[in-house]
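Listed in TrEMBL:
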type     : residues : note
TRANSMEM : 55-76    : transmembrane segment
TRANSMEM : 88-105   : transmembrane segment
TRANSMEM : 111-130  : transmembrane segment
TRANSMEM : 151-171  : transmembrane segment
TRANSMEM : 183-201  : transmembrane segment
TRANSMEM : 208-225  : transmembrane segment
TRANSMEM : 231-249  : transmembrane segment
Amino acid sequence: MKLDKNVVRQWATLLSILAAFFTNVLANISPINGLTIGEISNEIFKDVLITPKSYAFAIWGLIYLGLISLGVYQAFPKNRNNDYLQKIGYYLVISSLAQIVWVFLFLSRLFVLSTVAMVAIFIPLVLVYLELNISLKYRAKQHKWLVNFPISVYFAWITVATILNVASALYWIEWNGFGLSDVVWTTIMIIVAAIVGIFIRVTRQDKVYCGVFIWALVAIMMRHLDTLPIAVTSGICAFILGAMMFLNFREKIEYK
């Protein structure tokens, strides 16, 4: 019996999301080399200034709640031939498998290689975000909350995580930063992150993506209240993005 390619895609998407979720759970329960991802961040990379305050990483709960909901929703038989959901393709499968690889590399302290894995998570998310045309087209409400919302949150946080991963890898190899101080480089990276958030907000009308960046910037500010340049820069950038949440840059998008 020949398998329906859409059924294969549906189950591959759901199972890969679940596999990534349980890999992350196990990484915190029984980590390789004795340290969890959070403990590595707090101990080995405590001097990487772009790292936000620990509470910021609680967003992973929301991310996986959304992704699992998406995985279950797209796996319903009634959605098998849905044109919009078919556009997801195998992008989430690739990003989920790359997420699993990243966990093992990071826990094994192969931080430079983990950056490559992070890029492998990031690229499929860019592609599925564009393929679904998130926030630029009219969508059914269930697609808004069960497809667009989870992908926007995940994509936004992986954008932040990619910046953080690159900074951590550079710290690990003891890059000298062309003679610039860590505070200066952190300030530059915060501004770059804010520009990315502004770009997505203006060009895609994506408040969810923008909101995740605000969450990250505020957490960076809260961690560095005693380091004025970082606290002020991240605070101002968060305020600008917050103000932009109330502005419309294109025709208002409505959901049916």
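We count from 1, first residue shown onward.
Including glycine, each Cβ sits where the backbone N, Cα and C put it.
Unlike curated entries, TrEMBL annotations are predicted automatically.
As a quick check, the transmembrane segment (231-249) and the transmembrane segment (183-201) clear the bar of 3 or more Cβ pairs under 8 A, pairs 6 or more apart, so the two touch. Using a Cβ-Cβ cut-off under 8 Å and counting only residues 6 or more beyond its ends in the same chain, the transmembrane segment (88-105) has close neighbours at 9, 12-13, 16-17, 19-20, 23-24, 27, 32, 37, 67, 70-71, 74, 111, 113-114, 117-118, 120-122, 124-125, 127-128, 131-132, 147, 154, 158. Under 8 Å from some Cβ of the transmembrane segment (183-201) lie the Cβ atoms of residues 49-50, 156, 159-160, 163, 167, 177, 207, 209-210, 213-214, 216-217, 220, 227, 229-230, 233-234, 237, 240-241, 244-245, 249, all in the same chain and six or more residues away from its ends.
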